[in-house]
Amino acid sequence: MWQVYKKELLELVRDRKTLFFMIALPLLIFPVIFAIMGAVVASAAIEEEQKVLRYAVINGEQASRFEERLFYHRDFQRREMPLPEEADIFAAIRSGELDLVIKVNTGHQDDLTAGQQSRWQLYFNDSSQLNQVKQKVNKVFNQYLESLRQEKFGQLGINDSQFKLLMKPVVLATVDTADERENLGEQIGGLLPYLLIVLCLTGAMYPAIDLGAGEKERGTIETLLLTPISRYALVLGKFFTIMTTGIVTALITVFSLVLWSYLIGELANVDVVARVLASVGIQDLLLMLLMLIPVSAIFAAILLSISIYARSFKEAQNYMGPMSMLGFFPVMVAMLPGIKLNWSWSLVPISNVALAIKEILKGTIDHWMLVSILASSSVFALGAILFCVYIFNKESVLFR
């Protein structure tokens, strides 16, 4: 078995494609992709933040002080244009002539005099996630409301201290019992397990195809079967090779991301990067590595079974597309809000490891639960390996 493992691993290392997927891709391409994505999102957010919003106010004479605040605010630019109907407002915003329209109630002053609430309308396109229209308008609007309240209370003879007491009789101060590591772990705990588990899957795909369907296509599967090595040992040798490549790909990627994050943090003088890296110890990294072993074993056994069943390299690739979705789904479920690691979730394969890595990063992992996760994952991995051996022992599958 170990002779097969050593032989297959050496052949994969000599293959340029394997080296590219295992080393070059994680070390260089993934960090570059993330850097480009981050730069694009940051640039779009800054552009949206600095954007001067073109606006129009209908019935502005009813709230002259509010309109004056908007007019002199650096984030807003007034545009004069007729908007007699609501359809005209929609058309102006959709065409890009205006970013927002505020419609003041025609009886605004009368409502205030009568002691009634006045209703205004804000029209804008809220389809963009980076949209800052509502936040910017609310900032000016709240300042206007504050001055309006103070004026009305002043007319009633209420001073500033009484005004504050009436507006907020009780001040609730919040104290976060979570430490910095727990907060940081919660923030990055969704992304890191996703990267690790998905990379264990993708890193094992090409070697699995090459060691199964690739052998068939090259006509070397018959030569392997004629060697004085049992089929059980052949399968295990190939299985451990695929599992190793999956784990190595994930670890190289994480090392690359940590290295690039550290370098960017040092160059940009970002303290949060140093705090995140300092919060994770060697023991935590070893626990995460331990969690990846049964997951990689499950992926390796399933991928090798698919590859052995496939007639050709291309057919194996076609089968592994849906397999990727099955691998992504448990990780995505673990990322859903409200899903937390408990004894029930510790029995769900792949999802349990994603949740465990998140808890390890937060520093709140129950170590007894790790035993349950390792046990359940190992059972699934063993079942997948036995199925792979069963497939490899069927002549109808090997030579179909």
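Even glycines carry a Cβ here, placed using N, Cα and C.
Here TrEMBL flags 17-384 as domain 'ABC-2 type transporter transmembrane'.
For 20-46 (among others), the entry in TrEMBL reads transmembrane segment.
Listed as Cβ neighbours of the transmembrane segment (191-209) (distance under 8 Å, sequence separation of 6 or more from its ends, same chain) are residues 12, 17-18, 21-22, 26, 241-243, 245-250, 253-254, 257, 288, 292, 295-296, 299-300, 303-304, 306-307, 310, 313, 316-317, 320, 324, 327-328, 331-332, 334-335, 350, 353-355, 357-358, 361. What TrEMBL records for 191-209 (among others) is transmembrane segment.
As annotated by TrEMBL, transmembrane segment applies to 239-265 (among others).
Remote same-chain partners of the transmembrane segment (285-310), defined as residues 6 or more beyond its termini with a Cβ less than 8 Å from a stretch Cβ, comprise 196-197, 200-201, 204-205, 208-209, 211-214, 216, 235, 238-240, 242-243, 246-247, 250-251, 316, 319-320, 323, 327, 349-350, 353, 356-357, 360, 365, 370, 373-374, 377-378, 380-381, 384-385, 387-388, 391-392, 397-398. The feature transmembrane segment is assigned by TrEMBL to 285-310 (among others).
The feature transmembrane segment is assigned by TrEMBL to 322-339 (among others).
Per TrEMBL, the feature transmembrane segment maps to 368-392 (among others). Panel annotation: around the transmembrane segment (368-392), residues 231-232, 234-236, 239, 287, 290-291, 294-295, 297-298, 301-302, 304-305, 308-309, 341, 343, 346-349, 352-353, 356, 398 of the same chain, lying at least six beyond its termini, place a Cβ under 8 Å from a Cβ of the stretch.
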